[in-house]
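Undergrad: Dumping what TrEMBL says about this protein:
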type	residues	note
DOMAIN	64-246	domain 'Dihydroorotase catalytic'
BINDING	HIS72, HIS74, ASP164, ASP317	Zn(2+) 1 binding site
BINDING	HIS74, TRP75, ARG76, ASN106, ASN290, HIS321, PRO335, GLY336	substrate binding site
BINDING	ASP164, HIS191, HIS243	Zn(2+) 2 binding site
ACT_SITE	ASP317	active site
Amino acid sequence: MSRAGVPTTRSGSPRELVVKGAHVLDPSAGLDGVMDVRLEGGLVRELGDNLRGARELDASGLHLFPGFVDVHAHWRAPGHEHREDVESGSEAAAAGGFTGVVTMPNTDPVVDRPVVVEGLVRRIERESRVRAYVSAALHVGLAGERLTEMKLLREAGAFCVSDDGLGTQRASVLRSGMQYARAAGLPLILHCEDHSLATGVVHEGKHSALAGVPGTPASAEDVATAAGLILAAETGARVHITHVSTGMSAALVGFFKRLGFADVTADTTPHHLTLTDELVATLDGLFRVNPPLRPDADREAVRAALADGTFDFVATDHAPHAAHEKDLPLQEANPGFLGHETAFAALYTELVLPGKLPLARLVAAMSCAPGRWVGEGGSLAVGSVADLVLVDLSEQWTVGRETLKSKSENSPYRGRRLTGRVAGTIVGGEVVFGRQDTLESSGARFGVRA
């Protein structure tokens, strides 16, 4: 059994809103041009010119995309609310244009029992500004041994299961987990990492050697990715490989997808698409992340894999940490970056503007494909859910504490000037984020999606 909260405003059902004069871009629906969009009853009702409505929003000069969907984020609830919570995480997501987010289970307690899932579902229904999809743990305590009761987790409201944060070290456990997930009707998000090889804190290579910092070889990811793909092919499970960061793993994913061996999708992150392990030289704990930042050759390989469709999505791996957990030397800092609020701007600045990736391909990877994967959003076609993001592609802004909604500020782009900024986010036909005078947020709340 799945659960789905119904988007409502403070006054009841979503009201009519006509978004006027935006440049609409939706690769999935073949839309690319200036037009008006009528939203009513939580759905896209009409596309055309000179539409009129009781409520109108002048979006001239802005681009309108299907809302972004992030299939990998850490909102830190329950247990680590000093880093992030449902309210602040959803506010950060809305500010970044995300209308849907899949939350990871490596919390305290771990999301491994129906009672924890139910509690998180209720909290999301009370506090989230965007649609949220709860990922439960693949194994109890994420300890890699005893599998969770996945059918019961699904009945409690879980959308999928995952081993994110630690990975599954025993192939026999992973194989059984895939079989159980398939039987339970749940997708499985895999964190591919072999702990017997992953003994360092940064990528093992020239920069780790020069900095004198222990490195982890790329093979730590590649070996686990190969095992995950082989087991996915054997079991027929619906598997998603997350935060792919190496050229070899990208090639492995492409091989299995091209030959139709497995029902597999994959993503990479904005930071693996835009940054490299040269930042190790700073010895700044801010730049510790897992998987680690890779050399330029790997960055180019994952860029190519995104461009050619090997990677279905971009996912942020939004991982907030408090200042005292990141303002440390590399070897002592917690791994992870903020991601929600800078994802689009970083990729637009580093990939689209230089001509390395078409804007339509970026929208497909951030909106259309992940929306289809979660079963909600990702399109502006008439009849689709009214989840949209308005973006000013010309605005330049500097990333800093004052520009972030997250509780934390561990952005790897801190102090950098980016181009392209979210002006407003609409979920179920209601404005949930509006910046400055462009839009005014209604403060609507939206329930869990399972």
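Any Cβ shown, glycine's included, is placed from N, Cα and C.
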Undergrad: Would you work out the biggest C-alpha to C-alpha distance among HIS74, TRP75, ARG76, ASN106, ASN290, HIS321, PRO335, GLY336, the residues that bind substrate according to the record, and give it in angstrom as a whole number?
TA: 17
Undergrad: Would you count the other C-beta atoms found within 10 angstroms of the C-beta of GLY336 (substrate binding site) for me?
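TA: Other Cβ atoms found within 10 Å: 22.
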Undergrad: Would you mind reading off the Cα separation of PRO335 (substrate binding site) from HIS74 (Zn(2+) 1 binding site), to the nearest angstrom?
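TA: A Cα-Cα distance of 12 Å.
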Undergrad: Just the number: how many Å between the Cα atoms of HIS321 (substrate binding site) and HIS74 (Zn(2+) 1 binding site)?
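TA: Distance between the two Cα atoms comes out at 10 Å.
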Undergrad: For a quick check of packing: other C-beta atoms within 10 Å of the C-beta of HIS191 (Zn(2+) 2 binding site), how many?
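TA: Its Cβ shell of radius 10 Å holds 25 other Cβ atoms.
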Undergrad: Nearest by CA distance to TRP75 (substrate binding site): which of the binding-site residues is it, out of ASP164, HIS191, HIS243?
TA: ASP164
Undergrad: List every residue in the same chain as HIS74 (Zn(2+) 1 binding site), at least 6 positions away in sequence, whose Cβ is under 8 Å from its Cβ.
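TA: Residues satisfying the criterion: GLU84, THR103, MET104, ASN106, ASP317, HIS318, ALA319, PRO320, GLY336.
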Undergrad: Which of ASP164, ASP317 (the binding-site residues) has the most other Cβ atoms within 10 Å?
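TA: The most densely surrounded of these binding-site residues is ASP317.
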Undergrad: Take the C-alpha atoms of HIS191 (Zn(2+) 2 binding site) and ASP164 (Zn(2+) 1 binding site) and report the distance between them in angstrom, rounded.
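TA: Taking the Cα atoms only, HIS191 (Zn(2+) 2 binding site) lies 5 Å from ASP164 (Zn(2+) 1 binding site).
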Undergrad: Between HIS243 (Zn(2+) 2 binding site) and ARG76 (substrate binding site), how many Å separate their Cα atoms?
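TA: Computed Cα spacing between HIS243 (Zn(2+) 2 binding site) and ARG76 (substrate binding site) is 18 Å.
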Undergrad: Would you report the average pLDDT that the model assigns to the domain 'Dihydroorotase catalytic' (64-246)?
TA: 98
Undergrad: Other than HIS72, HIS74, ASP164, ASP317 themselves, what residues in this chain have Cβ atoms within 8 Å of the centroid of the Zn(2+) 1 site's Cβ atoms?
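TA: Counting only non-site residues, the set is ALA73, MET104, GLY165, HIS191, THR242, HIS243, ALA315, THR316, HIS318, ALA319.
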